[in-house]
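Colleague: Before I ask anything, here is the structure I am working with.
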Amino acid sequence: MAPEQWEATSQVSLTFEDVAVLFTRDEWKKLVPSQRSLYREVMLENYSNLASLGFPFTKPKVISLLQQGEDPWKVEEEGPGGFSLGLKCSQRTTKSTQTQDSSFRELIMRKSKRKEPWNMKSENLSIHEGKLEEKWDVNASTIERSYKSNELSPKSHREKRSSECEKQISYLSNPLGITPDKRYKCSMCEKTFINTSSLRKHEKNHSGEKLFKCKECSKAFSQSSALIQHQITHTGEKPYVCKECGKAFTLSTSLYKHLRTHTVEKSYRCKECGKSFGRRSGLFIHQKVHAGENPYKYNPGRKASTSLSGCQRIHSRKKTYLCNECGNTFKSSSSLRYHQRIHTGEKPFKCSECGRAFSQSASLIQHERIHTGEKPYRCSECGKGFTSISRLNRHRIIHTGEKFYNCNECGKALSSHSTLIIHERIHTGEKPCKCKVCGKAFRQSSALIQHQRMHTGERPYKCNECGKTFRCNSSLSNHQRTHTGEKPYRCQECGMSFGQSSALIQHRRIHTGEKPFKCNTCGKTFRQSSSRIAHQRIHTGEKPYECNTCGKLFNHRSSLTNHYKIHVDEDP
């Protein structure tokens, strides 16, 4: 199109006033900061779109103000309506109708909630430049003819101009006529998105691209928002605080779930026994008790049956991947695959230092820190470092003293629900973690893992000072205190300090007189379990300690040590 033709058509087709949205002073005051920000975004974007099409107009003053981050009006420049755009108007009178303001308010409220754009970005317009010019030729000539036929009747023109300009604005917003709901489709899984940025973020899930790396632990993420959320684990920051009880959380979603404990009644009721729950997930888990096992089986990777009733259908939308072995459900197929390794025993992630294998890459990364000595999670109170966020969270309880979960049997307060479950097994006698080699059972999986190292001979924890190795991290920590001389456990009664917490517990029994270990044969009690075991050999006649020189047997190690002195004295 020739420049003179562009100039002619632009005078009668579309000016910046046509796409500008006006607010009065009172209306502007009612907008919250996020809505004002969205207003700036839309105005600048509309101006950019018009400028990219070559419209011959000078930059309006409102655009200059918005680009500088200022409000779109100055007090001294206010017009009678309380708002001045600072525009150079054309022949026609630009009016801010109540309908237009109301429409924008609806749009701005809707976008602030849904986080969706109104129109296509300027770069998308340039992609379809050829089609844009073709469409513009048609619309420009149509509007020009309309203008000539009505140029003697300004009122008639203004009425028709409104509908024609709306068409042009609609075209600028969506040059290809694509529906605004879902425009962009992923070529890998055919999932659709409303904008290109969402599509690009989604495509990183397929490509595995992770551009955002944590400087503390080197963990990489595909999105910057995920990195920001992860970095809170290092700083220990908990910006979301419950106003009811003061408990703090790292995520807003965690705070939202917690608030339900204060505000939401137990509205999810089991039809079988009448028990109520505060969350649907609690009811869903409880219903498995009645069902015995989940009857809706499926092939791995396929979604579970949706032919469920009542609240189960709600959960099938949230957790749709079902494990055939135990009936647990998961939100994604990848979570199901990770879980199934528990049943199959598959451990594809192997440590290059000690050869230990893991079912998940995150477990391997955490394990490797044992060898490197890296402790990226640091306590903000005392500066102590930890290899995992879970260990840091457990440590923080020392400073805060928070204990929210009480045992119904003994009243003991515990800091987490998982700790409470393990503690309750003391009362029930349940030991679900069983060693496949010797059959010995344990209350928790960590105790089983440590026990299994007795069979494998694995000692992954090494002292950097003397090179001595240990089966568990706590043994290494206790040993390292022999080098440093550190004794952090102090008795409040007498002031005596100890290098191990177990030594302090045993020492306290001297002050309290407590002897919890009782011999079943004679009823004698002892402060230590080892003392009871040694005592019971009197009844059984067991003598496990043998002298290598003369073969004599003893029931105590100390007796064997004293016996060795006889042979030492006999040597010339």
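The chain as shown is numbered from 1 upward.
For all residues, glycine too, the Cβ spot is worked out from N, Cα and C.
Copying in the features that Swiss-Prot gives for the protein in this structure:
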CROSSLNK  Lys121  SUMO2 cross-link
CROSSLNK  Lys155  SUMO2 cross-link
CROSSLNK  Lys238  SUMO2 cross-link
DOMAIN    14-85  domain 'KRAB'
ZN_FING   212-234  zinc finger
ZN_FING   240-262  zinc finger
ZN_FING   268-290  zinc finger
ZN_FING   321-343  zinc finger
ZN_FING   349-371  zinc finger
ZN_FING   377-399  zinc finger
ZN_FING   405-427  zinc finger
ZN_FING   431-455  zinc finger
ZN_FING   461-483  zinc finger
ZN_FING   489-511  zinc finger
ZN_FING   517-539  zinc finger
ZN_FING   545-567  zinc finger
Colleague: Of the listed stretches 212-234, 321-343, 489-511, 517-539, which one has the most C-beta pairs under 8 A with the zinc finger (461-483)?
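Modeller: Maximum Cβ contact count belongs to 489-511.
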Colleague: Can you break down the zinc finger (431-455) into helix, strand and coil residue counts using DSSP?
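Modeller: The zinc finger (431-455) comes out at 11 helix, 4 strand, 10 coil.
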Colleague: Let me know how many other Cβ atoms fall within 10 Å of the Cβ of Lys238 (SUMO2 cross-link).
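Modeller: Excluding its own Cβ, Lys238 (SUMO2 cross-link) sees 15 Cβ atoms within 10 Å.
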Colleague: With DSSP as the yardstick, break the zinc finger (545-567) down into helix, strand and coil residue counts.
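Modeller: Summed by class, the stretch gives 11 helix, 4 strand, 8 coil.
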Colleague: For a three-state summary based on DSSP, what are the helix, strand and coil counts in the zinc finger (240-262)?
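Modeller: Going through the zinc finger (240-262) residue by residue, I get 11 helix, 4 strand, 8 coil.
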Colleague: State the three-class DSSP label for Lys238 (SUMO2 cross-link), counting H, G and I as helix, E and B as strand, and everything else as coil.
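Modeller: DSSP assigns Lys238 (SUMO2 cross-link) to coil.
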Colleague: Could you count the residues of the zinc finger (377-399) that DSSP puts in helix, in strand and in coil?
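Modeller: The counts are 11 helix, 4 strand, 8 coil.
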Colleague: Against which stretches of its own chain does the zinc finger (517-539) lie, if we need a Cβ under 8 Å and a gap of at least six residues from its ends?
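Modeller: Residues 506, 509-510, 555-556 contact the zinc finger (517-539) from elsewhere in the chain.
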Colleague: In terms of Cβ proximity under 8 Å, which residues at least six beyond the ends of the zinc finger (349-371) contact it?
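Modeller: Residues packing against the zinc finger (349-371) from afar: 219, 338, 341-342, 387-388, 458, 460-461, 473.
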Colleague: May I ask for the residues of the chain that lie six or more residues beyond the zinc finger (212-234) and have a Cβ under 8 Å from a Cβ within it?
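Modeller: Same-chain residues near the zinc finger (212-234) but 6 or more away: 201, 204-205, 250-251, 365, 374, 376-378, 389, 392.
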Colleague: Kindly report the helix/strand/coil residue split of the zinc finger (349-371) according to DSSP, in that order.
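Modeller: Counting residues per DSSP class in the zinc finger (349-371), I get 11 helix, 4 strand, 8 coil.
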